[in-house]
Amino acid sequence: MSKLALLVLEDGTVFRGVSIGADGVSVGEVVFNTSMTGYQEILTDPSYSQQIVTLTYPHIGNTGTNSEDEESSSIHAQGLVIRDLPLIASNFRNEQSLSDYLKSQNIVGIADIDTRKLTRILREKGAQNGCIVAGNNLDEALALAKAKEFPGLKGMDLAKEVTTKEAYQWKQGSWTLESGLPEAKDDSELPYHVVAYDFGAKRNILRMLVDRGCRLTVVPAETSAEEVLALNPDGVFLSNGPGDPEPCTYAIEATKVFLEKGLPIFGICLGHQILALASGAQTVKMKFGHHGANHPVKDLERNVVMITSQNHGFAADEATLPENLRATHVSLFDGSLQGIHRTDKPAFSFQGHPEASPGPHDAAPLFDHFIELIKKHSA
């Protein structure tokens, strides 16, 4: 017999379902993601730290899980909410069922609830704090109290919590259907030395940089600009990550130094927001954020529309852009800023996820633009 579970939102709404993960209590900001596939990549994306993820697609878990699709070394989401967990996981790459995967990492999950109703609540009221309780003691009052006690992500610096503890080299390229994950490339195949700040970096971002000839030195979030400059990089990459960008003063100040030095800079997600803050713009907390793999974004410079992968709850405020920042991309869902480019420095950033994983690859040429800036700077 399945164990029961409940999800309680801070507004008092209660959802009862069945447990699909570990027993226990988990608290976080409840968000919804509209991706139809890629649940393992979503769960292991460090950007979901302190968030409970609701997947709007009704059937989740069909293909199981495997060690190659992880975007980090562990699950970072606080919990998982789905409509239906299939009885059987069927895929030639399957190594472990989704339920067993959650249990193995002590992550709570709940299924058999009305995820459409939950999503409508989050859209209308905004992202809410919530608490999942799974197991034998389903105490609604306790869950509600814990949801209300959660401080929320505004003002929360999570990048330094999920970052690597020590610097390391990354030389592995992208997975292919024919051969799986490749061996690390030789330095002779990687002409560009890029220092990548790990604010919660996804592995597929690193792989796509390696595919384009980058030898990566991945450094902790609080690494000083002086330490990075001592490595003599050809460019600096600012990764994705969780939480509020404003408290990341260490990263903002370091980025200011790189801008002054004229180093090529590319930022994604949190890295995009950090570049904006370092350039004098401001950021805002969004009502319910963008989380999904089907978000249309307009490229203002090429006048084309891209379908993109998105995962962010904060955004750079276009109204605060200084004269040396040019808006390059906007969301066609709500008009929010999606990309910027410094007019006076070789620096640019994108709010969405051009590496996808999961999602489309329409924005992948942004990685090529970074390489072009590095080549021009090195010439």
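Note that Cβ sites are derived from N, Cα and C of the backbone, with glycine treated the same way.
A C-beta separation below 8 Å, combined with a sequence spacing of at least six in one chain, links CYS269 (active site, nucleophile) to SER47, SER239, ASN240, GLY241, ASN311, HIS312, GLN351, GLY352, HIS353. Residues annotated as active site, nucleophile in Swiss-Prot, with sequence analysis given as evidence: CYS269.
Residues or ranges marked as active site by Swiss-Prot: HIS353 (among others). Annotation note: HIS353 (active site) sits in a strand segment as assigned by DSSP. There are 26 other CB atoms within 10 A of the CB of HIS353 (active site), with all protein chains counted.
The active site annotation in Swiss-Prot covers GLU355 (among others). All protein chains included, GLU355 (active site) registers 25 other Cβ atoms within 10 Å of its own Cβ.
Marked as L-glutamine binding site by Swiss-Prot on the basis of sequence analysis: SER47, GLY241, GLY243, LEU270, GLN273, ASN311, GLY313, PHE314. Sequence-distant contacts of GLY313 (L-glutamine binding site), defined by Cβ-Cβ distance under 8 angstroms and a gap of at least six in the same chain, are GLU29, VAL31, GLN51, ALA127, LEU153, LYS285, MET286, PHE288, GLY289. Mapped onto three states, the DSSP output places GLY313 (L-glutamine binding site) in strand.
The feature domain 'Glutamine amidotransferase type-1' is assigned by Swiss-Prot to 193-379.
What Swiss-Prot records for 1-189 is region 'CPSase', and it gives sequence analysis as the kind of evidence.
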Task: Under 8 Å by Cβ from LEU270 (L-glutamine binding site), same chain, sequence gap 6 or more - done: SER47, ALA159, PHE199, GLY200, LEU238, SER239, ASN240, GLY241, PRO242, GLY243, PRO245, CYS248, HIS312, PHE314
Task: Densest Cβ neighbourhood among GLY241, GLY243 (binding-site residues), 10 Å radius - done: GLY241
Task: Mapped DSSP class for GLN273 (L-glutamine binding site), helix or strand or coil - done: helix
TODO: Report the same-chain neighbours of GLN273 (L-glutamine binding site): residues 6+ apart in sequence with Cβ closer than 8 Å to its Cβ, ordered by sequence.
DONE: PRO245, GLY267, THR283, HIS312, PHE314, ALA315, ALA316, GLN351
Open item on the list: Can you give me the average pLDDT across the region 'CPSase' (1-189), rounded to a whole number?
Closed with: 97
